[in-house]
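Have a look at the structure below, then the notes.
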Amino acid sequence: MTGFPQKKYFRQRAHSNPIADHCFDYPAAPTVMNWSKLYPKYFSPEKPYAEPEKTKMVEFADIGCGYGGLLVTLSAMYPDTLMLGMEIRVKVSDYVVSRINALRSKNPGTYENIACVRSNAMKYLPNYFFKGQDLPKGVLFGRLKKLRKMFFLYPDPHFKKAKHKWRIISPMLLAEYAYCLAVGSILLIFLLKIVWLLVSFKTNILESDTFTVFLEVLKIRCIIYLQLGVQFLENIYCRGNLLSL
């Protein structure tokens, strides 16, 4: 596919129930995840998991990646870093996949480090990532790069109390994110400028006993930005500050 997809053909409602049973294609465990379909430049069909001395692993994860704006922007900034976007909505994830394929076709050799899967990160994140991305002996060989950063751009607040369980930023899920992140990683949360929502998320993070322990032991930094966009990311990257916090 060489033509760029148009959003008007991939419209979908803003929300998808993360609690409902959707039909997902996901790996039973990280050990059987076939990365060759997502990153053909780095993994061959014959060796979809790793190659000796050339092991590449996903280092950035964009949870709820939407239409893929952040992935595309970061791809050029970090061309040697594998990044994975996870999106629960069917048409939106199809758009991102088509967009990445179009970018690869138009710019050979580039955008090979980004990919998108349709999945429910609230349920299946550990199916893609090992604990701290530290692999069991004998699973993979070579140098291993770990999951260092997770992005949450404008997580839906789900104002109604009955839908608080839909929130992707919650004490229970924060512990799961800490489980997947490597030591010294960064959890970045981008919020619209809603002060009480910021306080709510901060309360979830700081008062979560489990996650607090992970923060102390693994030295994971949780950084919250207000009302930021991809253009802002480009600006602070130019000043040498992006992701070096």
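Quick reminder: no glycine exception, Cβ is built from N, Cα and C everywhere.
Unlike curated entries, TrEMBL annotations are predicted automatically.
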Item to check | Candidate from Gly64, Gly109, Gly184 that TrEMBL assigns to the same S-adenosyl-L-methionine site as Glu87, Ile88, Asn120, Ala121, Leu153 | outcome: Gly64
Next on the checklist: Tell me the Cα distance separating Asp156 (active site) from Ala121 (S-adenosyl-L-methionine binding site), rounded to the nearest angstrom.
Outcome noted: 14
Checklist entry - Which one of these binding-site residues, Ala121, Leu153, has the sparsest Cβ neighbourhood, judged by other Cβ atoms within 10 angstroms? => result Leu153
